[in-house]
Amino acid sequence: MKALFILLLVQLCSASLVPEREKDPEYWRRQAQETLQNALRLQRLNQNVAKNLILFLGDGMGVSTVTAARILKGQLQHGQGEESLLEMDKFPFVALAKTYNTNAQVPDSAGTATAYLCGVKANEGTLGVSAGVTRDHCNTTKGQEVTSILRWAKEAGKAVGIVTTTRVTHATPSAAYAHSANRDWYSDGEMPPDALEGGCKDIARQLVENIPEIEVILGGGRKYMYPKNVSDVEYPHEEKHRGTRLDGRNLVQAWQEAKPHGKVAEYVWHRRGLLALNLSRVDFLLGESLHPRVPWHQRLGGTSVLDDVGFKKGEINMVMGGHRKRIKRGARLGRGGQCRAILGSTGGRIDHGHHEGKAKQALHEAVELDRAIGLATRLTSTQDTLSVVTADHSHVFTFGGYTPRGNPIFGLAPMQSDVDRKPFTSILYGNGPGYKIVAGERENVSAVDFAHADYQAQSAVPLRQETHGGEDVAVFARGPMAHLLHGVHEQNYIPHAMAYAACIGSNRGHCNTAARPATPLLLPFLGLLLILLC
């Protein structure tokens with residue numbers, strides 16, 4: 001108890017000191033006036049046509065996660081944390097999105113992905129289909145398919161791509177290209193006989209067949225692309241990594257063979273292969289790591305969240321340095337006159353960390369996503385690039401306990417429970433695997449390493465997996481027509497606003513294509529790819 005008291009005293013005395021400048025009322029007045037001037041400048045609306053679209057999706061990145069990630073970012077930079085700014089915080093327009101599915105108050109990632117990618121709300125567990133489809137019922141799918149903003153952009157001649165830290169067949173990215181009555185039908189090996197007999201296709205097959213011209217696909221889960229029991233290229237002796245397909249198809253080979261004659265389609269499964277490519281000569285790129293979920297950022301000792309198919313941080317600097325001029329000059333990948341790029345990037349491990357009750361992992365993933373947002377911001381222009389950052393849903397994650405200014409985000413609250421007389425961490429979950437009873441009482445967190453990356457924060461209700469939350473999520477926007485994202489919207493509004501800004505999709509009556517100059521490609525798709533691998 002004495003050690004705990006000392007720890008709390010140290011936290012309280014050393015971290016809660018008010019910065020000297022903040023004691024002066026003029027500091028806050030000047031700050032408010034600067035903010036006011038910036039807000040007044042926003043009255044001059046940017047109504048340019050968006051030549052590039054970038055959608056950053058933090059899976060499970062609710063408002064409480066954004067706030068906690070902001071504090072973590074500041075503390076990683078040796079600040080107190082609360083005054084820090086995430087890159088997304090700097091976006092001038094912010095909205096709230098209502099995340100419910102058509103049949104669920106608290107949503108899942110499939111129904112929400114259908115909303116923010118396809119512009120149509122759907123039932124939980126279903127992908128790229130309307131609410132007329134019942135989960136698991138293949139026979140309800142036909143005629144209920146809905147298309148995504150990725151397809152709208154491709155039909156407009158733009159280069160498109162998907163970068164994700166999950167499997168590429170995961171619910172979040174797959175709504176961009178798939179139509180499925182069940183989000184878990186990764187390969188035909190996961191599908192029931194009646195679905196196969198009914199003619200429904202697995203998600204991996206749809207990745208290859210539905211929109212074969214996707215220029216870049218990077219993520220995890222390569223085993224769903226190979227025939228059952230085919231050994232993995234990297235771990236040939238491990239049975240759990242073998243292929244899962246029952247139809248005997250090699251979908252990587254099918255992906256390459258489907259490309260037009262004369263086009264270069266490269267498949268990589270490791271960082272080394274990607275670095276060895278002459279990127280200026282690549283038209284299509286598919287990169288899939290072994291793992292269904294790309295490994296945690298911090299478990300890898302500081303490597304990229306896309307380590308298995310991407311770069312280490314030192315290699316990123318080398319590659320970006322060598323390609324910065326090419327990014328500005330234009331490259332083969334995504335070339336097409338005034339046709340630019342749309343990129344979807346998913347920080348999927350935020351969600352996985354929260355489900356496991358491991359807040360440290362979730363928040364570090366959120367900071368990593370924000371780093372990618374920052375680099376993309378620096379290499380793009382608000383004059384022609386609309387960037388949107390949002391989440392599919394929230395989690396029952398919170399932090400509180402009257403913590404003092406600068407309290408370590410993963411630290412203890414400065415008080416004990418007035419019921420069981422035990423300390424508690426500031427971060428807690430409403431439910432999840434962190435519920436622990438020791439000798440008939442709540443676990444005493446001072447007896448465990450609550451700062452460890454694998455620590456599962458305490459929860460009020462015991463569950464093997466923590467659940468999503470049902471509150472609205474934030475939408476941050478920057479660039480042409482970003483002002484269309486404001487107030488409180490249904491989540492399915494997002495792709496419609498983005499499409500309007502870029503003059504793609506069905507609502508193009510406001511577009512005067514004859515007035516647009518045929519400018520060269522200033523930001524090729526590959527440039528965006530490199531940005532998001534940091």
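Glycine is treated like the rest: Cβ placed from N, Cα and C.
Taken from TrEMBL as is:
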ACT_SITE  Ser109  active site, phosphoserine intermediate
BINDING   Asp59, Asp351, His355, Asp392, His393, His468  Zn(2+) binding site
BINDING   Asp59, His170, Thr172  Mg(2+) binding site
SIGNAL    1-15  signal peptide
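Other than Asp59, His170, Thr172, the residues of this chain whose Cβ falls within 8 Å of the Cβ centroid of the Mg(2+) site are, in sequence order, Leu57, Ser109, Ala113, Thr164, Thr166, Ala171, Pro173, Thr346, Gly348, Asp351, Asp392. Spatially, by CA atoms, the recorded positions Ser109, His170, Thr172 include one closest to His355 (Zn(2+) binding site), and that is Ser109. His393 (Zn(2+) binding site) sits 15 Å from His170 (Mg(2+) binding site), taking the C-alpha atoms as the reference points.
Looking at Ser109, Thr172, the recorded positions in this record, the fewest other C-beta atoms within 10 angstroms of the C-beta turn up around Ser109.
In this structure, of the binding-site residues His355, His468, the smallest number of CB atoms within 10 A of the CB marks His355. Across the structure, His468 (Zn(2+) binding site) and Thr172 (Mg(2+) binding site) are spaced 14 Å apart at their Cα atoms. Rounded to a whole number, the C-alpha distance linking Asp392 (Zn(2+) binding site) with Thr172 (Mg(2+) binding site) is 8 angstrom. Within 10 Å of His170 (Mg(2+) binding site), counting C-alpha to C-alpha distances, fall the following of the recorded positions Asp59, Ser109, Asp351: Ser109.
Recorded residues the residue listed as 'active site, phosphoserine intermediate' and Asp59 (Zn(2+) binding site) have their alpha carbons 8 Å apart, per Cα-Cα distance.
Within the same chain, residues at least six positions away from Asp351 (Zn(2+) binding site) with a Cβ under 8 Å of its Cβ are Asp59, Gly60, Ser109, Ala362, His395. In this view, Asp59 (Zn(2+) binding site) is surrounded by 30 other Cβ atoms within 10 Å of its Cβ, with every protein chain counted.
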